[in-house]
Amino acid sequence: MSNIIIESDKDNAVVLSPELAHSADGVEGYDAELEYTVDEENRVRRLVDTRLMPWILFSTFILNMDRTNLSNAISGGLPKNLGFTITVVNNAGSMYAVLFSIAAFAGSIIGKRFGPHRVIPGMVLAWGIVTLSHGFIQNASQYYLIRALIALTEGGVIPATLVYLGSFYKRNELATRLSWFWGVQSIASAVSGLMASGLLQLEGVNGLNGWRWLFIVDGIITIISAFAFWQALPRSSYHTKEGFLNFGGWLDERQSRIAVTRVVRDDLLKLQYETHTLVDYRVWGHLIITLIGLTYGTPFGTYLPTIINSYGFNVYVANALTAPNAIFGFLTMTTLAWHSDKYHERGFHGVFTQVWLLIGFLLLEFLPDGTSKGVMYFVTFFISGAPSVHPLNIAWMSENTAPIGKRTVASGLIIGFANIYGTYASQIYQASDAPFFHTGNFIILGFVSTALLLWLNQKFLYLRLNKQRAAVWNAKSEEEKADYNATTTHKGSDRLDFVFKA
C-alpha cells in the first residue's frame, strides 16, 4: 500500500498512510490529497498571525484591562469611599475566584458547543456592561454583587479562546502564541495603570469619584469592542470571509484548505472526542503547578499600586509606575516562551522563573523598611519582570494531552485552577500586615519554593514515562506493534507510542 507524502521539501517530508490521511475527511476544508510546500504553509501561518491574532490579543487586552482596574481603584480610594476596609476587598476576591473558576470550566465546553467566534463577543459584551456598573456601586453589598457578576461573565472567555486557537495553530506553534496572549495582558496592565493615573484625577467631576470614572470609561470601551469582535472573528480558517471587518476574507480557497489541513495533520487526535481527564495524574501535575505557582500574583498584583504608594510616591505616580513593571513582564514572558519553543524544552524554563521570583520576594521580605523608595520600587519592578510561565504550562499540558475531548476539558480545568487559588491568595495580604506585608511575603516564599519543586517533578515524570514506554514499544516486533494498533483501547496520550515533551 502506497503512502501519501505531504510537503515538497524532501528534508522535512511528512509521510502519512492513506488510512490516516483520510480519517479527517469529514472536516470542512480538509483535503486528504492536498500537497503544499513549506513556504505556502508559512505564508498561511503568517496570515493567521497578522489577521486573526491581533483580534485575539485585543480581546485579552480588554479582559485584563478590566481585571486590573480594581487594583487601581483600590489605590484611588474605593474601599474608603464605600465605607469598608480591604477585608471586604479580600473576601470579595475569594468569592470572585470561586465563581470565575466555575465559569472557566464551563467556558471551554460552551465555546466548543456554540462556537468560540460567537461565545467570545457575547462574553465581552456581558462583562463590559458589568464593568460599567462598577461606577455606580454605593455600598459593600452592591460591591459583592457586582464582583460576583464580573466573575461569571469574564470566567469563560480564556478557555473558549484556547479552544479557538487550537483550531488555527499546530502544537509546536502554540506556546509562542500563548505567550503573546498573556504578554498582551501585561501590556493591558501597563495601559490600565497609565489610564488610572489620569482618570483618578477626575475626582469630583460631575459628583463622581475618580475610580468611578475609571470603571465607566473601561466599560464603554469594552462594550464597543464586543461589537467589533462579533464582526471580526471567523467561524474557522475555512470561513474568513464572514464578518464585515474581515473585508472579504483573508485566505483564498487554497490557503483555507492548507490552513485546515495542516492543523488536522499535525494532530489527527483532534478529531477524537474522549473526556477521560479527571483521572489523568499527568494533567493534575499541571493543575497543581498552576494552583501553587500563580498564588503570588493575586496579593502582589492587587495591591501593587498601594505598595508603591506606601514607599512615598503619590497615588497618581504610583499607578503610573505599574506600567514599566508590566511592560518588563511582557518582554521576559515572550522571550522565555520563544526560547522554550526554539529548544523544545519546558520544565527547566519553569524552574528559571521560580528562581527569579524567589530572589525577588527574598529582597522584598528582608530589605530594611527604611530602604530608599527608589530601591524598593526596583524590587517590585524585578518581581513583576519575572516571566509568567502560565502560558508555558498551558502549552506544555496541551501538547501532552490528547485527544481533543480530553484536552478541551483539561483546558477548562487549568483556567479554573488559575483562578480558584484566589480563594486563599486573596487573604495573604491582610490590613494588619500593611503597608509592607512582611508576613504575607514570607507565605509567598513558601509557595514559590514549592512551585520550583513541582516544575522539576513534572519534568522528570515525563522523561521517566518516555523512557519506560520506549523500552516496552521497542521490544515489540512489527507484528506485535501492528496488533497493538489494531486492538488497543488506549487513546491519545495513553498510547504506548505517544512521546511526551519534557
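For all residues, glycine too, the Cβ spot is worked out from N, Cα and C.
Automatic prediction, not curation, is the source of TrEMBL annotations.
Across the domain 'Major facilitator superfamily (MFS) profile' (52-458), the prediction's mean pLDDT works out to 89. The domain 'Major facilitator superfamily (MFS) profile' annotation in TrEMBL covers 52-458.
Sequence-distant contacts of the transmembrane segment (82-107) (same chain, at least 6 residues past either end, Cβ-Cβ under 8 Å): 74, 119, 123, 137-140, 143-144, 147-148, 150-160, 298, 302-303, 412-413, 415-427, 429-431, 434. According to TrEMBL, the transmembrane segment annotation covers 82-107 (among others).
Sequence annotations record features per position, and here TrEMBL assigns transmembrane segment to 119-137 (among others). Long-range contacts of the transmembrane segment (119-137) within the same chain, counting only residues at least 6 positions beyond its ends with a Cβ under 8 Å from a Cβ of the stretch, are 59, 62-63, 66, 69, 73, 82, 107, 110-111, 143, 146, 149-150, 153-154, 156-157, 160-161, 164, 208, 212-216, 218-223, 225-227, 229-230, 233.
Beyond its flanks by at least six residues, the transmembrane segment (143-166) meets 56, 59-60, 63, 66-67, 82, 84, 88, 91-93, 95-108, 110-112, 116-117, 119-120, 123-124, 126-127, 130-131, 133-134, 137, 174, 177-178, 181, 233, 270, 394, 398, 404, 407-408, 411-412, 415, 419 of its own chain at Cβ-Cβ distances under 8 Å. Feature annotation from TrEMBL assigns transmembrane segment to 143-166 (among others).
Here the transmembrane segment (178-199) has long-range neighbours at 53, 56-58, 60-65, 68-69, 72-73, 75-76, 161-162, 165, 210, 213-214, 217-218, 301, 305, 316-317, 319-327, 329-330, 333-334, 336-338, 388, 390-392, 394-395, meaning same-chain residues at least 6 beyond its ends whose C-beta is under 8 angstroms from one of its own. Among the features that TrEMBL reports, transmembrane segment is placed at 178-199 (among others).
Sequence annotations record features per position, and here TrEMBL assigns transmembrane segment to 211-233 (among others).
Sequence-remote contacts of a segment are chain residues at least 6 beyond its ends whose Cβ falls under 8 Å from one of its Cβ atoms, and for the transmembrane segment (283-304) they are 68, 70-71, 74, 86, 89, 93, 97, 189, 277, 322, 325, 350, 354, 357, 361, 380, 383-384, 389-390, 393-394, 396-397, 401, 410, 413-414, 417-418, 420-422, 424-426, 428-429, 437, 440, 444, 447-448, 450-451, 454-455, 457-458, 461. Positions annotated as transmembrane segment by TrEMBL: 283-304 (among others).
Among the features that TrEMBL reports, transmembrane segment is placed at 316-338 (among others). Long-range neighbours of the transmembrane segment (316-338) within the same chain, counting only residues 6 or more positions beyond its ends whose Cβ lies under 8 Å from a Cβ of the stretch, are 71-72, 75-76, 175-176, 178-180, 182-184, 186-194, 196-198, 200-201, 304-306, 308-309, 349, 352-353, 377, 380-381, 384-389, 391-392, 395.
Summarising the annotation, TrEMBL assigns transmembrane segment to 350-368 (among others).
What TrEMBL lists as transmembrane segment is 374-396 (among others).
If you look up TrEMBL, you'll see 408-429 (among others) marked as transmembrane segment. Beyond the transmembrane segment (408-429), the same-chain residues lying 6 or more positions past its ends with a Cβ under 8 Å from any Cβ of the stretch are 86, 89-91, 93-94, 96-98, 100-102, 104-109, 112, 155, 158-159, 162-163, 275, 277-278, 280, 283, 286-288, 290-292, 294-299, 302-303, 390, 393-394, 397-398, 401, 437, 440, 443-444.
The annotation transmembrane segment is assigned in TrEMBL to 435-456 (among others).
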